[in-house]
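Report on the structure given below.
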Amino acid sequence: MDKLRITGQRPLEGVVQASGAKNAALPLIAAALLTAEPVRLNNAPQLMDVRTLAKLLRSLGAQVEQDGAQIEINAAGVDHYEASYELVKTMRASVLVLGPLLARFGQARVSLPGGCAIGARPVDQHIKGLQALGADIVVEHGYIVARVATPSGRLQGARITTDMVTVTGTENLMMAATLAEGETLIDNAAREPEIVDLANMLRAMGAQISGDGTSQIRIRGVEALHGAVHSIIPDRIEVGTFLCAALAARGDVTVQGAEPAHQDALLDKLREAGAQIDTGSNWIRLRADALPGGRPRAVSVRTTEYPGFATDMQAQFMAVNCVAEGAARMTETIFENRFMHVQELMRLGAQIDIDGHTCVVRGVPKLSGATVMATDLRASAGLVVAALAAEGETLIDRIYHLDRGYDAMEVKLRGLGAQIERIRGQ
Ligand SMILES: CC(=O)N[C@H]1[C@@H](OP(=O)(O)OP(=O)(O)OC[C@H]2O[C@@H](n3ccc(=O)[nH]c3=O)[C@H](O)[C@@H]2O)O[C@H](CO)[C@@H](O)[C@@H]1O
Ligand SMILES: C=C(OP(=O)(O)O)C(=O)O
């Protein structure tokens, strides 16, 4: 297993390029299953999760080729409708093939996604919504077995109100509804930029969708969708991770290829912490090289659905609070077990008390490098941010979690002056 070795307290300076968003790329790749015509995605990130989903689509009979930041998908030859446990267990987002398979082929057998460290993450809302669209669904032997049992063989538009706001749930239902007969209204829909990106590509494929970006999405089903070319939005979590790293390590970093409008909640918190933020149409610059007192101020956050503070940024922002002046309260409201980085941050000298869904972080003047273990994707990113700020050497084990969702992270950080290297495992 690969590890990262980081020697901290090097000033981070310069320009870094953001990649396309993992959480947009995955539903967009799944959406290509909705048509027999080719779909081309530009600005695609090069990530383990993208490779895993590509492998899953190939196992269904699709052709998928990635060449750098371009992915070509042709789902004309799909003749299998089963996503096996072996492929689904490493990545929850594989459940995104359920809606498209059901809508285009009338059947799907998709393994329940494997257990994930950050919470139980059931898919009951995906199932409930697809049932409302007319699917017969049973869960047996660890698989969701779904069939369209309507007289026309097509899903039927319906009103769906999800019990909670779910991102991939909204995406699955949106994709399924594009080929349904009649109109679907998804109420309590997620409003994330990745939902809007998916709606934009589905529209380019001929779908009729409105209301994306609000909590009511309306879809008028069409008989067939066609091919499209689409450019994936920037990865706001990757961008945020670089900004947190720049603040924690007190640098001056410009992230190019970013979308500042997607980052309001985070930029507010970074400013509150003392960072100077400047933005342009597609870049964000964070300056923390002249903080009053030399340290950021501790800032409390509460994770919520978009446009609130993203749960996927909680660990990285906690790393900033670990070296800040003062104390901050951090509340996680989306996932029940997303504080696994706390124990590892404490190995670096952080002072954190956990009480259920809330942590109180008391900033210390200095963290000190140690050997730590990555437990999930953003926990790993939080450890990288902390290690960049820590004195001495930190060894981060199990970075396969990081590779799921960051495109060449150590190469990009090295470009900013970080001392970071990958140690290849056997
Ligand atoms: C690939 C992708 O886009 N992943 C993102 C997506 O995950 P994902 O789409 O899996 O997260 P959801 O928005 O669905 O989860 C939100 C909450 O709803 C619960 N829930 C969800 C569905 C369901 O059927 N039943 C249920 O109880 C979950 O357990 C969780 O507590 O949104 C999360 C919340 O912003 C992010 O952290 C993930 O990075
Ligand atoms: C939790 C995440 O991803 P996933 O939903 O793919 O597990 C994430 O991107 O932080």
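Every residue, even glycine, has its Cβ placed from backbone N, Cα and C.
Just one of ASP312, ASP353, ASP355 is listed by TrEMBL for the same UDP-N-acetyl-alpha-D-glucosamine site as ARG92, ARG121, PRO122, VAL123, ASP124, GLN125, ILE334, and that one is ASP312. Counted over all residue pairs in ARG92, ARG121, PRO122, VAL123, ASP124, GLN125, ASP312, ILE334, the record's binders of UDP-N-acetyl-alpha-D-glucosamine, the longest Cα to Cα distance measures 22 angstrom. If you take every residue in the domain 'Enolpyruvate transferase' (7-412) and average the pLDDT, you get 96. Across the structure, GLN125 (UDP-N-acetyl-alpha-D-glucosamine binding site) and ASN23 (phosphoenolpyruvate binding site) place their CA atoms 19 angstrom apart.
A straight line from the CA of ARG92 (UDP-N-acetyl-alpha-D-glucosamine binding site) to the CA of ASN23 (phosphoenolpyruvate binding site) spans 11 Å.
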